[in-house]
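Novice: Would you mind keeping the following structure in view while I ask a few things?
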């Protein structure tokens, strides 16, 4: 047990060292393993024939199953040539040809028969021009009969793109798509023989597994093995990623189990490309290092951001503490608020010294809009003479009272103060505030429309003279004479 346990590690370095020297290719396919699988499948098919009493002439097809590492993004159709033909002489082959100009369908058929006889081709059983295909095989049942009556279809390369719309989906579902051939080539016999004797690999987007026809049970074993090896070599040349894209190979018949022939024995496609294990480890280590470096950088950036935030929060606290000892514990204020308070305090002093009893001075913070609201309120009060039942003389009295209300604003600077400098300051501040408030509107200010209406009504009422009631003398009643 100890010896068996010690053997695998000793062999592992040899295998790892041998992988780069022997790149992956069709040479890795073991012909002896393929031969054993083919013999087992032939024995199985013979036993089935004897058990079911089938005809001896009936042959089953051999298939090579190919499993790829990745599902291709596009459908592929690869033509592969084989050293030994997989179709017997009894196979029925159909050829679709182009319509020749100024010739009928029968004449075109005769023309291509002569062409094939001149090149010594006798494997094609029927020729169908494109015009007859459109007319005679338009119905669904006719297409099915055409599909079942032939084993293989060939078409002229000039009309290949026109066939799918006329053949239908059943040709493509049953993998009997016509193979294109150049009928104008000088080596026409070689092309047609390769096409009939060869095979086609259809790789679909729906899965990674596809099958290739490589022979039948009536062929000798060695011919089937040679066909398998030839297909493996052509796969290594025509697949998108060469031999690296091949994962598994199986051999099977139509009604048998698939037997494995080749396996790449790798866990990923990167290892199939012949990369060394050391190189893979280096790549993994580089990636891990980069990830760790990025994580460390992110952590450092987060720490720096936290420190900056803490410093920004702690900045205002030391500034207040530093200012307090300089003042000696006495709180100080900024010069700007002192000027404002001084300006505001000057107004009440002027109000106290004023001789008028009605204080109409407006503070600095208050805009002249507030004063206008007061005047408008007084004006609204004056507008009530329509409602008052008194005579028109009462209106004149109320009109006389309005200038008395507005006079104190004009007489504001006349109030005695403590000094002439203070009066001048008060005037300048009031004028500045008024000028600044002209451009800005106070949301509390009432609209100016009623004010204009009041003055218009007042002017109109001033122009009109007061009307006095004149009583006409009543006629004395004359007593009626009786």
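Cβ atoms here come from the backbone N, Cα and C positions, even for glycine.
Swiss-Prot lists these features:
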MOD_RES   1  N-acetylmethionine
COMPBIAS  1-20  compositional bias 'Low complexity'
REGION    1-32  region 'Disordered'
CROSSLNK  252  SUMO2 cross-link
REGION    284-482  region 'Disordered'
COILED    284-315  coiled coil
COMPBIAS  293-304  compositional bias 'Basic and acidic residues'
COMPBIAS  309-327  compositional bias 'Low complexity'
MOD_RES   354  phosphoserine
MOD_RES   367  phosphothreonine
MOD_RES   384  phosphoserine
MOD_RES   388  phosphoserine
MOD_RES   407  phosphothreonine
MOD_RES   415  phosphothreonine
COMPBIAS  426-452  compositional bias 'Basic and acidic residues'
CROSSLNK  427  SUMO2 cross-link
CROSSLNK  453  SUMO2 cross-link
MOD_RES   457  phosphothreonine
MOD_RES   461  phosphoserine
COMPBIAS  472-482  compositional bias 'Basic residues'
Novice: Just to confirm my parser: what is the rounded mean pLDDT across the coiled coil (284-315)?
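Specialist: On average, pLDDT over the coiled coil (284-315) sits at 83.
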Novice: Including all protein chains displayed, how many Cβ atoms other than that of residue 252 (SUMO2 cross-link) lie within 10 Å of its Cβ?
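Specialist: Within a 10 Å radius of the Cβ of residue 252 (SUMO2 cross-link) lie 17 other Cβ atoms.
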Novice: When the compositional bias 'Basic and acidic residues' (293-304) is classified with DSSP, how many of its residues are helical, how many are strand and how many are coil?
Specialist: 12 helix, 0 strand, 0 coil
